[in-house]
Amino acid sequence: MIHWLKQLRSAFGVAFLWLVCLIYFTQGFRSFVWTAVSYQLKDRLQLSPSASQFVFSVAFFPWSIKPLYGIISDCIPIGGKKRTPYLVMSTVLSLVPWLLLGLDSTLRSSSLYLMIFLTVQNLGSAMADVVIDAMIAEAVRLEKASFAGDLQSVSWFAMAVGGVCGSLLGGYALSNLKIETIFLLFTVLPALQLLSCSLVEEIPANDEPLPELLDSNGFEEKSKLSNDNYRDTNKSSTRRRKVQKKGKKGASNGKSEKQKKQSKSLASQWFQSLKAATFGLGRAFKQPIILRPMAWFFIAHITVPNLSTVMFYYQTEVLQLDAAFLGTARVVGWLGLMFGTFIYNRYLQDMTLRKSLLFAHIGLSITILLDMVLVSRANGGYGVSDKTMVLFGSALGDAINQLKFMPFLILSGRLCPPGIEGTLFALFMSINNLGNTVGSFMGAGLASLLGISSGSFENMFMGLAIQVFCTYIPVLFLFLIPKEATGVSAS
């Protein structure tokens, strides 16, 4: 283990490894503060379950447009750099909202202001996630490709540790601290992340065509032509500057004209790069071999209403479960996620993806049935406590969701054509996140339609029954997944 870490340190440097681990740890540790947000919406603002779920759905929308951040950082350098300026910008966006919410009670007490600041915070977190992924890809390409899997393992491990720590400490903090204090405490991590950005040195971006565009069917020549034009403009500007030095008259006007042309040329280059990247990404995505599987994963999210926020209200109001226990349940969920990853990698890689996704949806329906048992209070008749049901359901649900997510990762990795892997993978993840967001809106709408609200859970059983039925709708569309594709080899 120590030898392995020394190898990574020698390959990528201590500062870079520290920054990667810190960002992913912070992503996992977000459960510490978002648990407090749930209680702020429920207890302080007294929003209904559907209203709270609507706030969460809007707040997490920035995770659905991740390719936008990748394309902008790829095509528009700031100060000659593509990554660290955007990482600093995203960290500031992650830090300031929590600071303001912790200091200003007016902002915390308004659902509109709270939703806006939470959306800005997620914008910063999502952008940081995209930028650090790009930095990892570049580091692996420039240094040692053989360490690609090791670096990803470190990233996932850091996020898992952050998730466990955030869930444990989040429940404890809610029992002993004010919500505004929790908001302020969380700012320590993004502040530390902001300071750490200065430790990593980035190679300034050059004027060469982006690697993502070189293999994008016809965009190579356009990119080269754009860059050649830009170089020619720079050369002519240099010659004009030398001539201007010899004569004093009109020097100021010539310099102004040169700057205008350089600015116009640079803006034109950025526009062409953005246009080429966007068009190339869209053309790659429209290929049936890519579009069909991604359509299935999107359908799988939007057809199943998400009632997680409604269940949170039920667990706290009816079952009287405290924050510390719910934090423990989230830790068990993280362990279930790790267990699901292990099970898939160890036993299910040879299974076709269609079959594994079918079993995953059957498993998801079983977890919802367990919630129905809990809501009907039938578990008490068999001597099973509510806490046992919640812990078991949390572990099983997260494990099965990971069994569903693993085929998504496998297909995403295979479907990305060479040259635009990073941006297209970000698009795949955005589709997954957008599907989750739409599913949350559907859940909020279902709860509102059934009249489920704080203190009124009579139709909760009906809502879960509808959710079970909807879980099998995506099964009808499994023909969109490549028939013989498995976790090991694709046909």
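Heads up, the Cβ atoms here are built off N, Cα and C, so glycines get one too.
Remember, predicted model here, so these are calculated numbers, not experimental data.
Annotated range for transmembrane segment in TrEMBL, selecting from 126-145, 186-205, 326-345: 326-345.
Here the transmembrane segment (357-378) sits against the transmembrane segment (461-481); at least 3 CB pairs are under 8 Å, leaving out pairs fewer than 6 apart in sequence. Same-chain residues lying 6 or more positions outside the transmembrane segment (390-411) and placing a CB less than 8 Å from one of its CB atoms are 293, 297, 300, 315, 319, 321, 325, 328-330, 332-337, 339-341, 343-345, 348, 353, 356-357, 359-361, 363-364, 366-367, 370-371, 374, 428, 432, 481-482, 485, 487.
Each of 12-34, 54-72, 84-100, 461-481 was scored by its Cβ pairs under 8 Å to the transmembrane segment (153-175), and the highest score goes to 12-34.
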